[in-house]
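**Q** There's a structure below that I have some questions on.
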Amino acid sequence: MEATRNLVSSSPSFQTKTHLKSSYSSPSSVVMLHDQTTTPVVNSRHLNSLSRHFPASVLSQEPREESRPLSHALRDDRTSQLTLERRQFDELVSSREDEKFEQQLLHSTGLWNLLISPLTSETKLPAVVSPLADAELCDVVALAQKALSASKQAALLVDDTEANPSDNIKDSLSTSSSMSLPEKGNIVRSKRQLERRAKNRRAPKSNDVDDEGYVPQKTSAKKKYKQGADNDDALQLFLWGPETKQLLTAKEEAELISHIQHLLKLEKVKTKLESQNGCEPTIGEWAEAMGISSPVLKSDIHRGRSSREKLITANLRLVVHIAKQYQNRGLNFQDLLQEGSMGLMKSVEKFKPQSGCRFATYAYWWIRQSIRKSIFQNSRTIRLPENVYMLLGKVSEARKTCVQEGNYRPSKEELAGHVGVSTEKLDKLLYNTRTPLSMQQPIWSDQDTTFQEITPDSGIETPTMSVGKQLMRNHVRNLLNVLSPKERRIIKLRFGIDGGKQRSLSEIGEIYGLSKERVRQLESRALYRLKQNMNSHGLHAYADLLV
């Protein structure tokens, strides 16, 4: 029984769940095992934990066998008193350590599944009790070696299980192992844990499911906003910040609007002072005009501006909802969001709480009006009036209706009938609302040929037309030879032939000293003679060249 008691007090590999952590977390337990084989010292902490699992017969035999050697020891009062005091002290210390260790295990959620399951299947305490009860002192060394091998196996299992654990489990293991080490004996610090931590820091963390079934939680909203936004995503940049996700209650909205109304009153007084004094008033003058102190004025201004910003930010999603309805109408999505924001800010200034509706209901129409107005003015190179846009919208709706009915290519007459206008007005509308193209725009995406390179210039005559006009001029000069010199000169001055400008009858009369009537008579007679000879010269071939 003496050997049994020494083995129980020294062997750390036959502990229960509460002391299983301290048995393999550090190699110091192995050092204590070899020290206690030579000098047996009872460790009350392990003895108390193991006594729970020993049979009652073994525990009852131990005091009977110990009574014989203790009967001689009781003669020395001093020795017995020291022994009792030491046992009481050890029991008190072990009870406190047990309570601390149990609290640590309760806070560490994954320790039982990680550490206890592989060891409880290999170490069965009741199976070891029977050989330990009859063991001799010579067998203590052999049993200690077995305990040492078991502790090494446990340490290897811990190394395998700690390959992919979280940092909090590692910290709890190291903390509990350091607290459960015995105070006596040499402590050997292992560097494996430091090496594993350094290796885990260098290794990239994966988001996949771990071996224990741990699934990482989704990133919270704040973490997502801290990660940054994509510069190309206009919607993400516009709704940047968690404030845009918060909805306001009716009470909060009424409070913010009251602060904004008070700020508008302050700004109105400031504008009045500017018009009176011709310059911007100071804070003191402004506060005196309002009948309040300067600190109170500053506080009201700050509160009003922050309330206005909060109200605008909370309704930005309404701007996005309305802007999406006007996409692909000539403005990109960013411009629609900006124009809608301007309408929202204007609605904040125009809103009256006495209207009896929520702010979002009132702001909807201001946002819509601002976006529509911007489309009318800026969506086209040539600005069109609003009524033309309304008519174009009706034409577009008529096309959609015809497609839904099965007519995928409606004629102009059918569209005019759906819209309620004439065909001529529809043609004029479609002609005036054509989208102009840039002459520098490439015709094909894979080539650099532009419209300017292939579009002919209507101001430049073709070689065929130029030669035809030259022949016509020579033919006309030959035809004028049938007239008298005076008539020929009057015709040339009257119609600007040979590069001259056209002259009036009075100007020609002044040149020849004739009246206007006489010049007209000469002109009529000359034209009549030309008509008589035109058929014989074949001038009808030049009819296409006359403009």
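Note: Cβ is positioned from N, Cα and C throughout, glycine not excepted.
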**Q** Looking at Ser13, Ser95, Ser445, which one is marked phosphoserine in Swiss-Prot?
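**A** Annotated as phosphoserine in Swiss-Prot: Ser95.
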**Q** For a quick check of packing: other C-beta atoms within 10 Å of the C-beta of Ser94 (phosphoserine), how many?
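**A** By my count, 18.
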**Q** Looking only at Cβ atoms, how many others are within 10 Å of the one on Thr249 (phosphothreonine)?
**A** 8
**Q** Give the helix, strand or coil assignment DSSP yields for Thr249 (phosphothreonine).
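**A** The residue in question, Thr249 (phosphothreonine), is coil (DSSP, three-state).
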**Q** Enter the number of other CB atoms within 10 angstroms of the CB of Ser95 (phosphoserine).
**A** 13
**Q** What does DSSP say about Ser94 (phosphoserine): helix, strand or coil?
**A** helix
**Q** Taking the Cα atoms as reference points, how far is Ser95 (phosphoserine) from Thr249 (phosphothreonine) in Å?
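**A** Counting only the Cα atoms, the answer is 56 Å.
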